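Taken from TrEMBL, the feature domain 'Iron dependent repressor metal binding and dimerisation' covers A:357-425. What TrEMBL lists as transmembrane segment is A:15-35, A:42-63, A:69-88, A:100-119, A:146-164, A:232-254, A:260-278.
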Amino acid sequence: MEDFLYFFSFQDSSIAFIVLGITILGIGSAYVGTFSFLDNKALLGDAISHSVLPGICLGFLLAGEKNPYYIVGGAIISGSAATFLTSWLKSNTKLSEDSIIATVLSTFFGFGIVLLTIIQKTGNPEMAGLNQFIFGNAIGILEEDLWVYGGLSLIIILSLSLMMKEFSLLVFNQEFGRAIGYPMDFIRLVFNILMILSVVIGIQAIGVVLMAALLITPGAAARFWTDRLSTLLILAGLFAVISGITGTYISFVIPKMPTGPWVVVSLSALALISFLFAPKKGILFRYISRRKYLRKTHRDHVLKSLFKATEEGKKGLSKDELLGLYPHHKKETLGSISYLLRNNQLNNIQGLIELSESGKTEAKRIVRLHRLWESYLNEYMNIAPDHVHDSAEKLEHLITPELEALLDNRLKYPKLDPHQENIPRDNDNI
Amino acid sequence: MITFDQNAFLIISTASLIAISCGLLGVFMMLRKMSMTGDAISHAVLPGIVIGYFISGSQRGVEVIVGAGLLGILATLIIDFLRKKAKVQLDASIGITFTLLFAIGIILINLLAYKVDLDQECVLYGEIAYLPIDLWITDSGFSMGPRIIWLALLNLLLVGSFIFLLFKELKLTSFDEGFGMVMGIPAGAINLALMSMVSYTTVSSFDAVGAILVVALLVVPPATAFLWTKDIKSLIKLTIGIGIGISVLGYYLAFWADSSIAGMMVTVGGAVFLISAVLTSKKFKFRLGTQSNQEAFNS
């Protein structure tokens, strides 16, 4: 608790700096990552983050110390080389995209390891700082480094915000952009540079291996909550910031604990919550609405069976007869009957289940939609009468009143369906 | 002057054995467009390794292999779950899954640092140079030679027989999953079996060569071979050849540059791949490319 207060009251200016740094950095990467996620190029970020390692080592070898300018410069060069190589391989060989990305990623990283061991053998005491790039350590970021990385992050955020229109064109409809005269290749180049930049600054805190999470996960998680690009970007940034600060806090409290893994774990937890509980797209929500829909269709079917029974001259059906109609759905049928009884659409008169007035209206509506659709398929699509039932069985639950009016109009208010059965109207007597 | 160096021989032959196992699996992974899944699995086994190590108390326990195998399968299932149930696109689900599992692995290593003598770097890039020292000594005190080489042999044996026995099924489901299903081949089970072989291969060689080399050997030789040939049998042969080639060349270059052997093998693989890509690229089409290679294998 003391640690908690100490950390979050920002008494220590270096902690305030680091939190500020990781906030800007998280927003920057989430921002770029969301675009590349929407572009279906999520793993390109992974490839880039593995391939900046040789550049970092080369920068270190040239500068002889952990100079942020040399390291960023080297990382940009090797990141660009990897990006260029990926797109060159894609257009010049028949390899699939994931083989290309996996190949580029592993070879660049392997080469980085070679350089890393060579540096290790030179016995340079600053070497320890270099290892941090692989697993990341936000606490280890020095204040002067922070200016460079923070500045770069701001550049990324600003250029993405200013060129929002261009980048959305790139992500959603590149061909359209080209057609109305935007230089799409140039925009892609700018975007790739921004992506490399965000990787370069991100790996300080989170490390080469796990950087992909900071790019992919916020966007993927935020995508579950919204369909609007602006909301998506804000949410993704928020997720990245929350998990960034959580990760930093944990690595502050537990000594020697790297930041990256905790950032990733808290990000993944946020993502998991989104996958499960987000409205509309979440697994739970989809499951519930599917259940609701299935129950509704089953109720429709029960009403329809009772309606058909009245057409045949019966007053109603007994519970057992109804259950016999749906031999494998006993539970659903019982549920539907009791629901409909509660809603006064059915009456239970001495064991005989009958349609009430409101039940009749509803049943007529369903049967009418079913038979209207059958007529439409038969007349306009020229489908044989014995082939139209299955499609109507699905659409009777979906056709809206507007569509119904349209169908009626087109078919000139028919009386009979292709099977020569009566199409029931609201004021018909049965 | 060339003298017989026992260490070099041991290291190169172990690396070649691992390269062959990885190549055999890698060809099918590539044909299924699952190269990145292989990469993901080799990262995702880390928590399994750590937990297995924690339970058995040594890096050599069966628990380690079981743990890693389970985690590999778990990773495949999570990726599948995210893709099918949560409807996340495939590449994003791969990215989310492997980063999460790898992160958990590193956290476990740090939490159990006093009980588990394992560091994250070793898992990533291993150290094949220590291989000749790490001997397998029987209870009677008789030295059977390096432990890893036996593991690699066993691994190759299992992978080889897996591919040999299920060759038809693997081929069919790689090219046309739907048709395979119609023929009555359980595509899902075959897929899971392939994934567990990949995780087993990763774990049986991780302390020698590290995840990086395993990934590279899974991906790079098949991709390089694919540039030269499209026939599946020659693809496999060429992959094996390339795997052995980069092991030999990588070792000597690493010896010369005094650097990580695993890293250098990967680098050599990358160089071979790049040269092949330039030679076979659309702008640089040499006639002799594919043909001369195929003739070499047919004769």
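These residue numbers are counts, starting from 1, taken along the chain as shown.
Cβ atoms are placed via backbone N, Cα and C, with glycine included.
Residues of the same chain lying 6 or more positions beyond the ends of the transmembrane segment (A:232-254) and with a Cβ under 8 Å from any Cβ of it are 3-4, 7-8, 15, 18-19, 22-23, 25-27, 29-31, 33-34, 137-139, 205-206, 214, 217-219, 221-223, 225-226, 260-267, 270-271. Averaged over the domain 'Iron dependent repressor metal binding and dimerisation' (A:357-425), the predicted model reaches a pLDDT of 87. In terms of C-beta pairs under 8 Å, the stretch of A:42-63, A:100-119, A:146-164, A:260-278 lying closest in packing to the transmembrane segment (A:15-35) is A:146-164.
Within the chain, the transmembrane segment (A:100-119) has long-range Cβ neighbours (under 8 A, six or more residues past its boundaries) at 43-44, 46-47, 50-51, 53-54, 56-58, 60-61, 78, 82, 85-86, 89-90, 93, 127, 130-131, 208. Residue counts for the domain 'Iron dependent repressor metal binding and dimerisation' (A:357-425) by DSSP state, with H, G and I taken as helix and E and B as strand, are 44 helix, 2 strand, 23 coil.
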